[in-house]
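The next block holds one structure in the form of structure tokens; read it before the comments.
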Amino acid sequence: MLHRMMRVDHAGEYGANRIYAGQMAVLGRTQISPLIQEMWDQEKQHLRKFNEILAENRVRPTLLLPLWNIAGFALGAGSALLGKEGAMACTVAVEESISEHYNSQIRTLMEKDPEKYTELLQLIKEFRDDEMEHHDQLIIEILVFALPFYVLLTHDPSLLQVPGYQLMKAIIQVGCKAAIYISERL
């Protein structure tokens, strides 16, 4: 169980790094680049920590890292080619999926033995909170800069007007769930 968790969390942070790299390749000289860079820097710290954890526990990374390298960069660059709103919508969908995944892991560890897994629980909670912070930052960014004023009054993120947002979100989240499932096992 622990090896699967470590492997998939490492893969997720690796993929997130590649998504941000793709977004920066396209949007690196735009007004949104400081926000993307700030979030990417945090993901780099997460990846470094999971690299350490894998080494300390002698857990091999997923065999699919070369695929996640290409897929993550392509998703980041592809969403950024839709503009900053596309990049933000992509990141919101990914961060939501990752947060849900971390919550699931927290529940599992709490059910097993919370005292035994105190350190891992704390780390996963911290990283989950970082992912939710990215999610919330981008929702605010989208609401403030991409939507008409009436949407701000409703505070309903489901009204996001990014073209194709709901479809894009659904596709990305299915992809995230598939990547999680596969990375745990391979």
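Heads up, the Cβ atoms here are built off N, Cα and C, so glycines get one too.
Worth saying up front: this structure is predicted, and the values here are computed from it rather than measured.
The Fe cation 1 binding site annotation in TrEMBL covers E13, E43, H46, E131. Its Cβ placed at the centre, E13 (Fe cation 1 binding site) has 22 other Cβ atoms within 10 Å.
Residues or ranges marked as Fe cation 2 binding site by TrEMBL: E43, E95, E131, H134. Around E43 (Fe cation 1 binding site), the same-chain residues six or more apart in sequence whose CB sits under 8 Å from its CB are E13, A16, N17, Y20, listed in sequence order.
The C-beta environment of E131 (Fe cation 1 binding site), restricted to residues of the same chain at least 6 apart in sequence and closer than 8 Å, consists of E95, I98, S99, Y102. H46 (Fe cation 1 binding site) sits 13 Å from H134 (Fe cation 2 binding site), taking the Cα positions as reference. Contacts of H134 (Fe cation 2 binding site) defined by a Cβ separation under 8 A and a same-chain sequence distance of 6+ are given as M39, Q42, T91, E95, in order along the sequence.
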